[in-house]
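Data block below; observations after.
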């Protein structure tokens, strides 16, 4: 979960299949033969110069990052940026390890709505309901913590590091600190100035979507079904309010009564959830999976056992292809971690603002 607007950079010749460099060495050998022939006929001076230019292999490959982003973006203007974010994420997780889920959710809920521009952090005004007020953003955590990180950065590098980049760094750092994968992060995003609840409710997937609905939602952002299932694995950490679970327990077919529970749900698990989320209670909170403070494969195991918290979790195995992927991710191996990291990088490219677009907010909850 293509849309990536890649830029290009020069590479050494590669023998990778399908690469435009694949004939590079063959070309080089051919040109060297021509050089030898030219030398033998006494015309080597001019021809060697021409041939040397001709043998430069200008092979290119797409960057995994959107145009305008780079891993060393703040190297000269704020070299401490990444370490400051990392230190604060460590601080927050030392108080509440489960907060890793909040940072992960913030990246997704930001990038999925108009792009990774920090708009999810903005406050509402007297004339506008911001994204944070959207139904799908109920119970969103981490905004105050991101502002704390931003204040620390402003003390060292005022007006340099965007709120949008803080979200990307914090999600990566939090994931790694609770046992998940890490990945390289490209920076250089700028902050947006627009944020509406309607945009959030229109773009983000509600927790009642079936498999085809999820596939369609992710496809609209350039992500395939496998990437959708991969990113659903973020539910291995964090917690949720009962409002997102109630339809799974009491309104699965629209009857809206205590017996209208997803029949595919493990019966004992349904009893457990109903104790924590009585009918009509939207504000209680519950961990999303059995190891909610650790990034692991337990989420997929839970789903296969009929213990998915949301309707969207249970939906993943209603499709044979989806069930096959969930089964694979539930087993030992690096596949899930590797693909999750790649999907997070890809997500971080969505709709970025760079160069003179947008602004660098002084505080993350307000436009300048």
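Just so it is clear, glycine is given a Cβ too, placed from its N, Cα and C backbone atoms.
Some features that TrEMBL has for this protein:
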DISULFID  78-157  disulfide bond
SITE      105  site 'Transition state stabilizer'
ACT_SITE  109  active site, proton acceptor
BINDING   110, 113, 115, 117, 119, 131  Ca(2+) 1 binding site
DISULFID  111-116  disulfide bond
DISULFID  163-364  disulfide bond
BINDING   235  heme b binding site
DISULFID  242-277  disulfide bond
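Positions of TrEMBL features highlighted on the structure.
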residue	record	Cβ contacts under 8 Å, 6 or more apart
105	site 'Transition state stabilizer'	140, 141, 142, 234, 238
110	Ca(2+) 1 binding site	116, 117, 118, 119, 120, 121, 164, 167
111	disulfide bond	347, 348, 350, 351
115	Ca(2+) 1 binding site	192, 350, 351, 352, 353
131	Ca(2+) 1 binding site	109, 113, 119, 120, 122, 137, 195, 196, 197, 199, 200
157	disulfide bond	74, 77, 78, 80, 81
235	heme b binding site	288, 289, 299, 309, 310, 313
242	disulfide bond	276, 277, 281, 282, 283, 284, 285, 286
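By neighbour count, meaning other C-beta atoms within 10 Å, the densest spot among the disulfide-bonded residues 78, 163, 364 is 163. One way to see the shell of the Ca(2+) 1 site is to take the Cβ centroid of 110, 113, 115, 117, 119, 131; the remaining same-chain residues with a Cβ within 8 Å of it are 109, 111, 112, 114, 116, 118, 120, 192, 195, 199, 351.
Its Cβ placed at the centre, residue 117 (Ca(2+) 1 binding site) has 29 other Cβ atoms within 10 Å.
Between the disulfide-bonded residues 116, 277, 116 has the most other Cβ atoms inside 10 Å of its own Cβ, all protein chains included. Within 10 Å of the C-beta atom of residue 113 (Ca(2+) 1 binding site) sit 28 other C-beta atoms, taking all shown protein chains into account.
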